[in-house]
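Below is one structure, written out as structure tokens; the observations come after it.
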Amino acid sequence: MALRVAAFDLDGVLALPSIAGVLRHTEEALALPRDFLLGAFQMKFPEGPTEQLMKGKITFSQWVPLMDESCRKSSKACGASLPENFSISEIFSQAMAARSINRPMLQAAAALKKKGFTTCIVTNNWLDDSDKRDILAQMMCELSQHFDFLIESCQVGMIKPEPQIYKFVLDTLKAKPNEVVFLDDFGSNLKPARDMGMVTILVRDTASALRELEKVTGTQFPEAPLPVPCSPNDVSHGYVTVKPGIRLHFVEMGSGPAICLCHGFPESWFSWRYQIPALAQAGFRVLAIDMKGYGDSSSPPEIEEYAMELLCEEMVTFLNKLGIPQAVFIGHDWAGVLVWNMALFHPERVRAVASLNTPLMPPNPEVSPMEVIRSIPVFNYQLYFQEPGVAEAELEKNMSRTFKSFFRTSDDMGLLTVNKATEMGGILVGTPEDPKVSKITTEEEIEYYIQQFKKSGFRGPLNWYRNTERNWKWSCKALGRKILVPALMVTAEKDIVLRPEMSKNMENWIPFLKRGHIEDCGHWTQIEKPAEVNQILIKWLKTEIQNPSVTSKI
């Protein structure tokens, strides 16, 4: 029978360095006998303090004095000398602080889950009521988002290597032993699983374990794995009514300073799937919004409902309804225009602003914006989008074709006739009826976009393009203003529409602008180069938001 369940230990597998390794190092540093600390922690004393701890019969704070006393008695019995300031609590605090998530192993678990495996964490863990309990809480919070089940010994009253916990795992996952692969860093924990018929992998080092896991599951893990994305079913969804009959849908994760992620055309909150967990883990409250007209947000048909002035006002209302005085606004594509305007017209509500691909382009009050669009060949598709109903019919006819044609890397974006749409009578003219899915998306992800656009249609999203004159007149009111809030511009080398050179004069209007640049990247920056995007954003956010300079910028 084929494997369909993957069970992972926490310490030493999903979290490194292992506590056992730290205890071993401490034994050596204090010149203690081998296994003096490790033996106690590994429950070599049945019904002793550690077994009670792992079964949830006592808490960490109850366990510490018992272990301190046990260690002092053991030291006298074996003639070992403990330092006066010896503290099990301090040793464990240092061990917990040193641990971090083993990203390659987490990526492997995510890849298996994406392939259809049920994934589970099976760990001997404790009820942590210490003053450092937030360390364990943060790790478990992040990991639990990526697994179907979390089985902790302290919650179920059973520990590895007792056989009953493995039976509990099988019952919980509704699996047979020969359908399960189990990974642990202790052979003693694997033996009962192997005796029951599970496939077992002893994790001595991550690389070897992953090679073995690839072999037994028939799954090839990427050499340069992507950040772990969130899925629609694993995030919290919310709604804010910004005016009668109009609501905005958003996805939320994390705590800390608020970040509003704003997507472009034709996208969804889901386009930020690789950024949401990473930014939340970095210490931020992330709100990824379905922009007006998209997905589960309202999509009124009137063109004027999508005027930039109104869209910005509704973003302010969005913040008000959630009780958020200020937020970091990060936008891509059309939402890049929105976030720059938020910084110009509502700077008091903008803690910082960043745009992917879309530069700040102040209007020329002497030249009609439609003339500008007509003068730039690659903007021809925007002229095609102007007539209500025309582009809607083309894009809604076969949405699988639409999204597979749009979401492609810079190397094969030629499927779209962006510079000849009016001449050819469409933006999809000449594209295959059933294009192959690009390497930056999957069939399942394309299906989610289709599902979302079946709710909203393309009328609302296309209406963002149909307020050009109205937006121009409004934006002229900001002529002469400068953006003084912390700001970041991220350019993508191979974006054929929003080219990096279009941003070259931005420092004239944003004197303290920071920059990031991503090579070999096209228009769909967040999903084409998610690791690079995350690195740039988090570095900037930590500098500007979490550790800001005290120097005034005025």
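Cβ atoms here come from the backbone N, Cα and C positions, even for glycine.
The shown structure was predicted, so the numbers you read here are calculated from the model rather than taken from an experiment.
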Out of Asp148, Asp171, Asp185, Asp195, which one does Swiss-Prot list together with Asp9, Asp11 for Mg(2+)?
Asp185
For Lys55 (N6-succinyllysine), list the number of other Cβ atoms lying within 10 Å of its Cβ atom.
20
Between Asp333 (active site, nucleophile) and Tyr465 (active site, proton donor), find the distance joining the two CA atoms and give it rounded to the nearest Å.
12
For Lys176 (N6-succinyllysine), list the number of other Cβ atoms lying within 10 Å of its Cβ atom.
14
Just the number: how many Å between the Cα atoms of Lys454 (N6-succinyllysine) and Tyr465 (active site, proton donor)?
20
As a test of the contact definition, list every same-chain residue at least 6 positions from Tyr465 (active site, proton donor) whose Cβ is closer than 8 Å to its Cβ.
Phe265, Gln382, Phe385, Gln386
